[in-house]
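J.: Got these off Swiss-Prot a minute ago, pasting:
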- 8-20: compositional bias 'Low complexity' (COMPBIAS)
- 24-151: compositional bias 'Basic and acidic residues' (COMPBIAS)
- 152-162: compositional bias 'Low complexity' (COMPBIAS)
- 164-192: compositional bias 'Basic and acidic residues' (COMPBIAS)
- 241-250: compositional bias 'Low complexity' (COMPBIAS)
- 272-287: compositional bias 'Polar residues' (COMPBIAS)
- 350-369: compositional bias 'Acidic residues' (COMPBIAS)
- 376-385: compositional bias 'Basic and acidic residues' (COMPBIAS)
- 391-401: compositional bias 'Polar residues' (COMPBIAS)
- 591, 592, 593, 594, 595, 596, 597, 598: ATP binding site (BINDING)
- 704-707: motif 'DEAD box' (MOTIF)
- 783-933: domain 'Helicase C-terminal' (DOMAIN)
- 956-979: compositional bias 'Basic and acidic residues' (COMPBIAS)
């Protein structure tokens, strides 16, 4: 029946609802006419009728409230409507109701009865009244665990059938025999325990301290003669662990010894717990079998006292309370597995008996459980007696006091811990409860549950805890190191041994020379190349240039896309490069800006990819295109898209600044082409231990703007990627500029390349009008406004664009603010902005949303903007290649454009490259610019200036490697580790001699008036000759007494020995005076930059020099600002005094100090030059 307090909470862990669901459902379906018929199957001792009527009234009241809100509030009910309808049908006693079931009826019986059962269990826990057959069939499976948990003594029903009386008499006879046997065994064990009196006293003392009684009485056996025991009312709660054991489908969890049978603690008459009195601590039957021996059973190692009869108290340990369970470290006594089988089998069998046998159902189930428990107790007692004897013998041999199992101490037997039962103890509960226990006298190492030796819980959990902590600590240390090493190697791409990898064969050559080109002679081919903007080729077996798209050997889909894009004829670079690439050759293509280089390498790539098999799952790309800038990568990817759809190919654009997760997702879906920047490609190859993508399928590699890719800023990353690609790949390099030094690096990655140059290397296109003006800084902005005004004054230039280049990010933002104030809508782009802002700005500029764009050199390469008619170099480019690429943003694809460059008077260095570009493109050099060029060349001849090298000269990884190698070699020379061989020493000496000769030659050419390094004070030559002075002592100042000389020498030796190798913070490195050494030298450092002064005065560098040379280095004087001269009587300017015993030692120390000064000065100059920029890019 439904009851109050019903919830939707699942059944407790181990409850009997799960195990007896099938039986309860059967009862619901087939016994509806019986469960509410009002017949009583309970024993006459209970006030059943009054209880039953009261319960029915309450249950009916629960279903009268039909309002959903009231039910939800009062009963936590979710379906009161269904419950009421099903309740109405349930009151019907006709059997026809069962046959005329609706879907709601079945739903009610399955869904709502589960909540009714939970409510009934809550109500029945207080008085355990026997109900109708429906309630009993549902609660029958709970009887067995309840009998193990409660302290209720049970007797056979007085109204049992004659067969039941015979069974009961037989069981009573067996029980009497068993009790006599127990009494004899108890007397024997008490005699054996006489020798353990001292241990008993200790145990009793511990029990008193921990609040335990020396003996705890046990409830009377239900079969004790002469006692008419009545079933006591159960007022406790169910133990979830005991319920779980009975609900398990397999008999693995052992059952509790005795179920409803309590073993008497002694031969004396025992007291019976009356059913009317509620115990102070609600316990189970197994818990009431508690005696002090079970405390010793967990490790105190003492035998139980023989005088347990002293205490007649009925105090029990409250194992029914969850709090008590945590407070006392006790284990529930359980029988072996075979006993559990008997008990569970009895309970399950009773649940499955004939449903018509209602009268004897309850009594039969209870008595069978009791009989099975008694039989199990007999079998267990025999086994425990033999084990106790063995335990005593083992304890005598190991000098351990073993607890004896006397008949009166059956609770101690029940608390015996079996090896098979280890999993039943919760380690956390045991450890926490032990905190409240008194500490044992000593710990036992290697604690282990066994039947023969009782071990202490502290030893068990303490040892396990220590062992686990040690193991975890060691493992964690290793894990942390592994994680740290893994983080260091995060971006390392392992080198691939191509000899061990089997690559698929692929075809490179797709080009077949047309017949009309094959008939052309070499002279005709040379004249054709001359007509095509003067194509220059270098290499073996160079194909003749094509004149139309149909001669390139392309597919129909590709030709259709070319027609749709409006490419009527090939450009010069396309006419020569496409046949060369389609022939399978490596190509270096150099052509002017805006000449169609992108299409020249894309079209052969599509043909190359379509010839190979499709990509399988998790295979990498076939074509790889690397670019130096993110904007160029997005532009190439955009140029690919028209062909990708027609050819059913996929491409991924991977560059830094964008979320890598999106790029990883695109690569995992599969892509034949990847357009990337080198840094992000390395990230993708190293991501997820190389599982994101790989380069095994790559057979076609393109390096766009190749001269920048092989500059020091990119060359290490590019070479790392190229080393992981198969050696027989086809590699194509394209750029508008290609210095000679970059060309030498690029040829290392190519195999017999064909070099194609259209119009010359590093040449501005002739369609571009170049204007170079020399102006002061305050005049440049006014001139810029004039240029923009002239551009947009005519209507034909209404849609024109203007691109303004500056050298620094701060300058770009400042110029943006000024132009916005003047009314020009503009935007800025530089490396300091987020990538999404850079992309959106480029797109808006191309779309004409704003006509003016201010940019650093990140927008100088590859940017293709239609209607771009004006390029202004607001800050002059610092080398030729940058100027060519900046000017090449206009005048593209045959259109005309204008490039204006501003120079200032102090930018003589940059004027040389600009004048060279003007001459190569056939334009006249203005007079002011030529004056700047001549003035700079005169300074170079005089040694006042150094001619700048062509190219970017970025600071890549090679510089870091070189610095590390130099530092390692210095340490080897300093500390003489012995790792270097004689050959290395000879090489080092030769290199040093060569450097000295080179330095002497340079110093003889350089002018002493103008130092070669910025920041070096005048009059100081760091590469000049080092002057060492010999310290002269006044002969009159020394004592003529020989003893004084000996004493001073000894003191000096002791001082040096005690000071050698000692470095303490706050103490000067060496404070010897000018007379400490025979030689000394000075080096003034007052006017050097702060970084240079720090390099020669910090303790780390000075300590290295001291160890290497054995000299004394002292900083003297005072620091004076630049231009201030110390007056008479003041300290001299800051200088370093180096003293040593030999001239060579002082010279070596001075040379090392001067080297540090030189490096510090160079570093200061570099930082000053880079400080205003604040971005990643120097000039791109």
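Placed from the backbone N, Cα and C atoms, the Cβ positions cover glycine too.
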J.: Determine which residues of the same chain, besides 591, 592, 593, 594, 595, 596, 597, 598, have their CB within 8 A of the center of the CB atoms at the recorded ATP site, and list them by sequence.
T.: 571, 573, 736, 892
J.: Which of 593, 595, 598 has the fewest nearby Cβ atoms, counting only those within 10 Å, among these binding-site residues?
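T.: Candidates: the binding-site residues 593, 595, 598. Fewest Cβ atoms within 10 Å: 598.
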J.: For the binding-site residues 592, 597, which one has the sparsest Cβ surroundings, going by other Cβ atoms within 10 Å?
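T.: Sparsest of the binding-site residues 592, 597 by Cβ contacts within 10 Å: 597.
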J.: What same-chain residues lie close to the motif 'DEAD box' (704-707): Cβ under 8 Å, and 6 or more beyond its ends?
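T.: For the motif 'DEAD box' (704-707), the nonlocal Cβ contacts are 588, 597-598, 601, 625-629, 632, 636, 733-739, 742-743, 746, 861-862, 881, 951.
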J.: 10 Å Cβ neighbour count around residue 594 (ATP binding site)?
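T.: A count of 22.
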J.: What three-state class does DSSP give residue 597 (ATP binding site)?
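T.: Once the DSSP labels are grouped into three classes, residue 597 (ATP binding site) ends up as helix.
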J.: For residue 591 (ATP binding site), just count the other CB atoms lying within 10 A of its CB, please.
T.: 28
J.: Using DSSP and three states only, what is residue 592 (ATP binding site)?
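T.: The residue in question, residue 592 (ATP binding site), is coil (DSSP, three-state).
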J.: Far apart in sequence but close in space: which same-chain residues, 6 or more away, have a Cβ under 8 Å from residue 596 (ATP binding site)?
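T.: Listed in sequence order: 570, 571, 573, 574, 893.
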J.: What counts of helix, strand and coil residues does DSSP assign across the motif 'DEAD box' (704-707)?
T.: 2 helix, 1 strand, 1 coil
J.: Count up the helix, strand and coil residues in the compositional bias 'Basic and acidic residues' (376-385) according to DSSP, in that order.
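T.: So the counts come to 10 helix, 0 strand, 0 coil.
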